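What TrEMBL lists as active site, charge relay system is K12, T57, H246. Per TrEMBL, the feature urate binding site maps to T57, D58, F158, R175, Q218, N244. Marked as O2 binding site by TrEMBL: T57, N244. Under the heading 5-hydroxyisourate binding site, TrEMBL lists T57, F158, R175, Q218, N244.
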Amino acid sequence: MAITLGPNQYGKAEVRLVTVNRTGPVHEIKDLTVSTSLRGDLAATHLTGDNAGVLATDTQKNTVYAFAKESPVGEIEDFALRLGRHFVREHGNITGARVLVDEHAWDRIAVDGKPHEHSFSRASDEKRSTAVTVDGERAWVVSGLRDLVVLKSTGSEFHGFPHDKYTTLAETDDRILATAVTARWRYQGTDVDWSKSFTEVRRLMLEKFATLHSYSLQQTLYAMGEAVLRERPEVAEIRLSLPNRHHFLVDLTPFGLSNDNEVFYAADRPYGLIEGTVLRDDAEEAGLAWHTLPTF
Ligand SMILES: O=c1[nH]c(=O)c2[nH]c(=O)[nH]c2[nH]1
């Protein structure tokens, strides 16, 4: 029997980085969680404990902080590309890098109706994210968002599903549709206006969620992805994960009251989980873009 080392990677997970741009009285802040992960010729450390080729995870963490000082962080995709390319170019046995960045949003606190110069409140749970993969001279970018919570109070139906002996769900032609959008989209190339693209992808998904008269969350998922691919040529494919945040009508008949879609019980679990990918057929090859990322 022969035992061998299989695929492996190592790095520093969840480096918390906050930068303050203090070039004027109006401060700008960036609040990021950065994870780095390196691949390459790392057999020696696994097989014998020889660490000559191991760029310490502590050094990877320090590199994140030093890069944030040496030039402005900018868009998370650019920051992740700079870091990933650095690790691969500067360290001979490191052939690949994965850099994950989550961005936590802050709003300015309004004082007397005006945005304050240096005081902020956390915007929401929503996070913008990127996953950059570098392999030699090549690089792939998958960006996205998580926990974008949306709800529409009508314009959603669900009926026509099969009924077997376990079915109790009532058919409905008017229900609340609510979800927390997780979306990841793969870019074609790396020469992209990241900020504009993110803003537009997010807007397209929200507008479609709002305006589509939905017969299933699956239909809404596809329509949201399709809207993005139709309008944003820089996006090769998009993957969506949509938990169905069920809102059940409360039975008010014991109290002699009707309930005309006005009073709901918002259940937190279990929840339907609707997931899918929307692709264009002329997209560039995915290469290592999704390698080791969750499917959705
Ligand atoms: O939009 C929906 N899709 C389903 O697959 C499903 N299943 C369910 O119970 N409710 C819903 N709603």
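Backbone N, Cα and C define each Cβ position, glycine as well.
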Looking at the recorded positions T57, F158, N244, H246, which ones sit with their CA no more than 10 Å from the CA of K12 (active site, charge relay system)?
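Hits: T57.
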What Cα-Cα separation, expressed in whole Å, is found between N244 (urate binding site) and T57 (active site, charge relay system)?
39
Among K12, R175, H246, all listed as recorded positions, which has the most CB atoms within 10 Å of its CB?
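For the recorded positions K12, R175, H246, the Cβ with the most other Cβ atoms within 10 Å is R175.
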Taking ligand 1 as the reference and 6 angstroms as the Cβ limit (strictly under), which recorded positions among D58, F158, H246 are close?
F158
Based on the record's binding annotation for 5-hydroxyisourate (T57, F158, R175, Q218, N244), what whole-number value in Å is the widest Cα to Cα distance?
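If we measure all Cα pairs in T57, F158, R175, Q218, N244, the largest is 50 Å.
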What does DSSP assign Q218 (urate binding site), in three states?
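In three-state terms, Q218 (urate binding site) counts as helix.
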When the Cα of H246 (active site, charge relay system) is compared with the Cα of each of the recorded positions T57, D58, F158, R175, Q218, which one is closest?
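Nearest in space to H246 (active site, charge relay system), counting only the recorded positions, is R175.
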Only counting partners 6 or more residues apart, tell me which same-chain residues put their Cβ under 8 Å from the Cβ of D58 (urate binding site).
K12
